[in-house]
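Colleague: Have a look at this one before I ask anything.
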Amino acid sequence: MREIVHLQTGQCGNQIGAAFWQTISGEHGLDGSGVYNGTSDLQLERMNVYFNEASGNKYVPRAVLVDLEPGTMDAVRAGPFGELFRPDNFVFGQSGAGNNWAKGHYTEGAELVDNVVDVVRREAEGCDCLQGFQITHSLGGGTGAGMGTLLISKIREEFPDRMMATFSVVPSPKVSDTVVEPYNATLSVHQLVEHSDETFCIDNEALYDICMRTLKLSNPSYGDLNHLVSAVMSGVTTCLRFPGQLNSDLRKLAVNMVPFPRLHFFMVGFAPLTSRGAYSFRAVSVPELTQQMFDPKNMMAASDFRNGRYLTCSAIFRGKVSMKEVEDQMRNIQSKNQSYFVEWIPNNIQTALCSIPPRGLKMSSTFIGNSTSIQELFKRVGDQFTAMFRRKAFLHWYTGEGMDEMEFTEAESNMNDLVSEYQQYQDASISEGEEEYAEEEIMEGEE
């Protein structure tokens, strides 16, 4: 079976990771200590993508938990699913990275990274046929961003032909944790552009908006935000965990979603949105799900796709859904919103179906979009970066750990390049230099 090894780094990564494991354990019928008491063979069929079967009907996540300070991990260990994880797979330092990317990437993190790679290697050796890795982390801090990207490049070196997917929490303007977030995020994006195969961008601001606007929570906690993220992660990985036809592994997902190697940053969405306590008591239909899923308010990254165009997107429906109805809805969305899709990639919406819905819902859908409007997110971080870097504010924290200003300049220009690449494909039309094709295109459009 095609296994995936999961890594979670830093405080944010560990909290999201813990929520993810809690969600998928429930879906696969495992209790807090990994014992199976589910009802359906489908739960077991591809269990070993994410879980290792130990003795006594117990399943253990293929997860490696990493942090530069013990606090968050103690919390995970004390949580409801703390018994689930293999104790040897907790790798932590004592000093912390203090929100400093350089500490995570070059000094503190670099000391710990070999221990982590050893654990990862051991997990990989326990797999029949490893398909790749996924990592949860934030880009604004020290450990998840600095050490997380260091781990990604180390794993890349050792497993060059395996897929690398990241669930990356991007700093947002409204919900700022530290003042140096723009530095940490830009340095991280610089790494992700080169070393990751697919990055699912999650944005705290967008999550807050969803909690306040849609779920009507007056002051959402990180627990509420993580609940949303785990719903999306569960949806994105559905095709990997249950038998299905489309996007059944990380590589197929990437082949369908990434038209150019550097442009692998995805927006994600989920429908129906429910808050943690209250599951929706009304039935949802496929048209409603489709409508909600393509609604900008449902996107978990604070960029509005109406300001750009979709290169590709993928929709995953779960529950008892009719294939035909889904196809019709998708065609409908695409023909109504033609201007939001690039015309030079025909059939750029992929759909997948899985008959097992998430807990507490009859049906749900998850959306993954590769839209040029994600550049807004990088622009925003880039502008904040430039404002501080021009004055060399806070730089001494980084140079003190042995970093060079040159690296900042490179990261900045790499991110600017990324933004202009997105812009270039947003503006590209089918007719450039291909006049004879343009006429055919018009004919088809008139039918």
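For all residues, glycine too, the Cβ spot is worked out from N, Cα and C.
Taken from Swiss-Prot, the feature GTP binding site covers Q11, E69, S138, G142, T143, G144, N204, N226. Feature annotation from Swiss-Prot assigns Mg(2+) binding site to E69.
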Colleague: Return the residues near T143 (GTP binding site) by Cβ distance under 8 Å, restricted to its own chain and a separation of at least 6 in sequence.
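Modeller: Within the chain, T143 (GTP binding site) has Cβ neighbours under 8 Å at T9, G10, Q11, G13, V66, D67, L68, E69, G96, A97, G104, G109, H137.
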Colleague: I need the most crowded of these binding-site residues: G142, G144. Count other C-beta atoms within 10 angstroms of each C-beta and give me the top one.
Modeller: G144
Colleague: Three-state secondary structure of S138 (GTP binding site) from DSSP?
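Modeller: The residue in question, S138 (GTP binding site), is strand (DSSP, three-state).
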Colleague: Around S138 (GTP binding site), how many other CB atoms lie within 10 A of its CB?
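Modeller: That number is 29.
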Colleague: Give me the long-range Cβ neighbours of N226 (GTP binding site): same chain, 6+ apart, Cβ under 8 Å, in sequence order.
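Modeller: Those within reach of N226 (GTP binding site), by Cβ under 8 Å and sequence separation of 6 or more, are Q15, I16, A18, A19.
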Colleague: For E69 (GTP binding site), list the number of other Cβ atoms lying within 10 Å of its Cβ atom.
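Modeller: Excluding its own Cβ, E69 (GTP binding site) sees 19 Cβ atoms within 10 Å.
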